[in-house]
Amino acid sequence: RRCRAMAAGGWSWFPALALGVSFLKCLLIPAYYSTDFEVHRNWLAITHNLPLSQWYYEATSEWTLDYPPFFAWFEYALSHIAKYFDPKILVIENLNYTSPATVIFQRCSVIFTDIIFIYAVHECCKLVNGKQASKDILDKRTFILAVLLLWNFGLLIVDHIHFQYNGFLFGMMLLSVARLCQKRYLEGALLFAVLLHFKHIYLYVAPAYGIYLLRSYCFTANNAGGSLKWRSFSLLHVTLLGLIVCLVSALSLGPFIVLGQLPQVIARLFPFKRGLCHAYWAPNFWALYNAVDKALTIFGLKCNLLDPTKIPKASMTGGLVQEFQHTVLPSVTPLATLICTFISILPSVFCLWFKPREPRSFLQCLVLCALSSFMFGWHVHEKAILLPILPLSLLSVQRAKDAGIYLILTTTGHFSLFPLLFTPPELPIKILLMLLFTVYSFSSLKSLFRREKPLLNWLETIYLVLLVPLEIFCEIIFPLTSWKQHFPFVPLLLTSVYCALGITYSWLKLYISVLTEKMSVRQRAE
């Protein structure tokens with residue numbers, strides 16, 4: 001009765017969800033924080049004390065400014081509030097400065113800027129509103145989607161424990177998605193253009209935006225059979241989009257172009273001298289590639305097929321961020337990863353070109369672009385798995401097949417984030433939060449699609465269940481063995497490789513689903 005009363009109140013449940021998760025974020029203020037905390041403190045100091053011309057040259061700390069200019073200006077704005085909490089925050093030489101006031105300010109700044117994310121989730125929920133007649137609010141798509149986004153486990157631990165500012169950035173992305181789906185194309189394009197100048201990782205999904213805007217906004221009509229009507233091309237619409245991109249880019253990069261510093265900014269944004277993988281391998285194709293190379297190396301040494309003196313002493317899992325050469329398999333260059341990423345994105349872009357006016361097709365392409373870039377990109381961080389997970393949430397409440405893929409990708413992707421929180425006090429927190437989110441995801445989506453076949457088959461279920469013994473081994477058994485002294489990287493290696501299998505499977509399954517869906521649609525049209 002209580003739930004039905006809430007339903008009668010329309011959206012009265014949404015503020016409760018938003019306030020609830022905000023309260024949880026406040027409870028996490030004293031928790032562990034990573035070196036990213038010092039990264040952002042240093043950026044506050046750089047932008048507050050130095051002239052614009054020195055922002056991308058300052059190197060007192062190893063954590064140099066390597067985000068686009070709009071984010072630098074964001075730090076500049078925050079710095080003028082930070083000085084009222086503790087002026088010492090803004091001293092460049094105060095490396096690793098973490099006074100209580102500093103912690104409270106930086107934590108609260110993340111929580112406050114999440115208002116943009118909360119608003120974006122509200123707008124995204126409108127996209128699926130009214131598609132289900134259930135009187136129970138807990139079974140409504142809007143409520144389920146709001147929980148999956150607002151209470152997303154990965155975003156919670158990355159932003160509010162590990163420490164980053166992903167919430168408001170994902171909010172801008174989701175808001176741009178909502179605007180495009182509402183056919184408010186210029187607003188969506190403006191939001192995405194601004195987002196790119198806050199954090200350049202969103203370039204991964206730019207092809208989806210570009211093709212969707214080209215086919216849905218620049219070409220204003222299709223032929224009766226659905227093919228492109230070339231005469232419908234609107235020069236005015238292209239000009240408007242071009243003006244948005246140029247004006248935003250000029251506002252962001254213009255001052256650095258005038259100063260002759262654009263090459264320096266680009267060098268900071270794209271540091272290709274870093275290695276193929278991060279110290280902890282992101283669970284993607286290259287993690288599997290590295291693991292195979294490791295296995296072949298061990299086999300070659302055992303069988304005396306390799307010369308031990310010619311094998312690099314540095315371990316690829318030794319915690320160093322650097323370039324390295326593979327031993328048996330061909331070494332991978334940034335160009336090779338770029339080609340692989342481009343090829344992996346192409347099919348999704350072609351699908352969007354032929355089905356341009358469906359928001360669902362745009363979302364599918366966006367998720368595949370994000371996931372393909374995660375799979376094959378250069379020096380990908382494990383946190384980048386959130387980029388495909390969040391927009392996939394919108395698809396998961398609309399079709400059972402997408403819900404199944406979402407459950408595999410989310411469970412595996414979130415588990416792969418566990419190594420970010422390696423301190424003992426955070427162990428029960430991360431396990432409890434992930435358990436609660438995962439149980440809710442499975443139960444709510446199962447209830448939503450209860451009239452259809454099971455969301456996961458038996459093999460997929462077994463794979464996910466095996467994450468439990470893997471965690472027990474990594475957190476409890478392995479530290480008690482003698483292997484910890486000689487092979488400290490084993491837990492990270494096992495986590496990365498095992499999760500890479502699930503994420504690769506999700507990527508393939510989603511691609512097959514999208515391609516077969518498009519084929520069936522075209523066949524029915526014919």
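Keep in mind that glycine also has a Cβ here, set from the backbone N, Cα and C atoms.
Going by TrEMBL, these are the annotated features:
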type: SIGNAL; residues: 1-20; note: signal peptide
type: TRANSMEM; residues: 12-33; note: transmembrane segment
type: TRANSMEM; residues: 104-121; note: transmembrane segment
type: TRANSMEM; residues: 142-158; note: transmembrane segment
type: TRANSMEM; residues: 188-214; note: transmembrane segment
type: TRANSMEM; residues: 234-259; note: transmembrane segment
type: TRANSMEM; residues: 335-355; note: transmembrane segment
type: TRANSMEM; residues: 361-380; note: transmembrane segment
type: TRANSMEM; residues: 428-449; note: transmembrane segment
type: TRANSMEM; residues: 461-483; note: transmembrane segment
type: TRANSMEM; residues: 489-512; note: transmembrane segment
Inset, instruction - Establish whether the number of Cβ pairs under 8 Å between the transmembrane segment (361-380) and the transmembrane segment (142-158) reaches at least three, counting only pairs separated by 6 or more residues. - result: no
Inset, instruction - Using Cβ atoms only, state whether the transmembrane segment (188-214) and the transmembrane segment (142-158) have three or more pairs under 8 Å that are 6 or more apart in sequence. - result: no
Legend entry - Sequence-remote partners of the transmembrane segment (428-449) [C-beta within less than 8 Å, at least six residues beyond its ends]: 28, 31, 132, 138-139, 141, 144, 147-148, 151-153, 156-157, 161, 396-397, 400, 403, 406-407, 410-411, 414-415, 418, 421, 455, 471
Legend entry - Beyond the flanks of the transmembrane segment (234-259) by at least 6 residues, Cβ under 8 Å: 52-53, 56, 68-70, 185-186, 189-190, 193-194, 196-197, 213, 217-220, 265
Legend entry - Cβ contacts the transmembrane segment (12-33)/the transmembrane segment (461-483), at least three under 8 Å, sequence gap 6 or more: no
Legend entry - Long-range neighbours of the transmembrane segment (104-121), counting only residues six or more past its ends (CB under 8 A): 18, 22, 25-26, 28-29, 37, 40-41, 78, 81-82, 85-86, 89, 145-146, 149-150, 159-160, 163-165, 167-168, 170-175, 178
